[in-house]
Amino acid sequence: MAFDPASALQVIKARDAYRRRCIVESPQDVRVVIDGRPRVNFCSNDYLGLASHPAVREAFRRGVDRWGVGSGASHLVCGHTAAHHALEEELAEFTGRPRALLFSTGYMANLGVVSALVGRGDTVFEDRLNHASLLDGGLLSGARFQRYRHADARALEAALVESRAETRLVVTDGVFSMDGDLAPLPELARVARDGGAWLMVDDAHGLAVLGAEGRGTPEHFGLDATEVPVLVGTLGKALGTFGAFVAGSEALIDYLIQRARTYVYTTALPPAVAEATRVSLRVVREEPERRARLHCNVRRFRAGAASLGFELGDLPGPIQPLVIGANADALEASRRLGERGFLVSAIRPPTVPAGTARLRITLSAAHSDEQIDGLLEALAEAAPQEA
Ligand code: PMP
């Protein structure tokens, strides 16, 4: 029998799990226009407000003038421009690693890196709540795939003790994308080292946000490059552009250039994106007040949400999810917030575990106090908590 997408869709709809795209009619910013209506955006990953920063836009335009639009080929053929190369050097320096390697997206970086580092006969250990791209990379690799309890270094330790695989790779998000909590990196680094494993951290949501200088979750915890030998960062979130990179030792990067299939077999990013990212990295270094403002906004939101009765865990970053439970309730809360002028998306299974549908609220340095207070007021009406 042939696959029947219409009946598969019926099943998705019956579970209130059908996802719709809204059509955004304005540049990415704190204020967006959707269906002709202005909304205050509380679900973007543009944490520092750099996607529309004038200097970043200007660098992109200048990049197009200098390099054209497409890169024309993969990095190993003739797509690797001086702009890509300079950005790689600057990302290596920023993250405190000998080298960095650009990938077209974070999804591709994670698929390519995990599947290049482990294969048949090896074991990859992953946090249960890792981003889909890390989980998919583990599955694609052909290695034995072992998931450990969320953020639980002792569970990882037990799994490592039992493992007989020669090559072991531990993989975790730095900041969990749908929960906002941090991986216990110091403990994971110790357990990985004692268990003879390498540690890979995907810091998509920590980069440019956490740590005194914005170097991410490892900096937040005071960990160096030997403790986190494989570090992935994405460019489409706090850096406001597009793409991703992995940073690590000379040998690691050289090996990935040879073997990461999602690096070798794909067209390089447009060079203008690299030029824009170089400028946004400069803004991250030169304007620490953006990061300070973001954390101030996070604190304001958390204090307000707590006083409304929402239970928020220890979440130091910009992702502040409010778990609602049933899919239909989360959708309804999101719809009501929309009516009040706020864009907050309802995240449902399979992105999050069943019964934990949530409003994934993200804060930005570009939000004003009034916008945050307005959201809190709207939340009190749209998703009232029991006293
Ligand atoms: N890792 C994490 C933790 C993410 O949240 C995301 C994006 N949502 C990615 C990787 C993928 O990055 P990209 O959007 O660049 O593919």
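Cβ coordinates are placed from backbone N, Cα and C, and glycine is handled just like the others.
Sequence-distant contacts of THR351 (substrate binding site), defined as residues of its own chain at least six apart whose C-beta falls under 8 angstroms from its C-beta, comprise ALA132, MET178. The substrate binding site annotation in TrEMBL covers ARG19, HIS131, THR351.
Per TrEMBL, the feature pyridoxal 5'-phosphate binding site maps to GLY106, TYR107, SER177, HIS205, THR234. A sphere of 10 angstroms centred on the C-beta of HIS205 (pyridoxal 5'-phosphate binding site) encloses 28 other C-beta atoms.
Feature annotation from TrEMBL assigns domain 'Aminotransferase class I/classII large' to 40-379.
The Cβ neighbour count for LYS237 (N6-(pyridoxal phosphate)lysine), using a 10 Å radius and every protein chain shown, is 28. Look at TrEMBL and you will find LYS237 tagged as N6-(pyridoxal phosphate)lysine.
Per Cα geometry, HIS205 is the residue among the binding-site residues ARG19, GLY106, TYR107, SER177, HIS205 nearest to LYS237 (N6-(pyridoxal phosphate)lysine).
The 10 Å shell around the Cβ of THR234 (pyridoxal 5'-phosphate binding site) contains 26 further Cβ atoms across the protein chains shown. The separation of HIS205 (pyridoxal 5'-phosphate binding site) from HIS131 (substrate binding site), Cα to Cα, is 11 Å. Close contacts with ligand 1, defined as a Cβ under 6 Å from any of its atoms, occur at GLY106, TYR107 among the recorded positions ARG19, GLY106, TYR107, LYS237.
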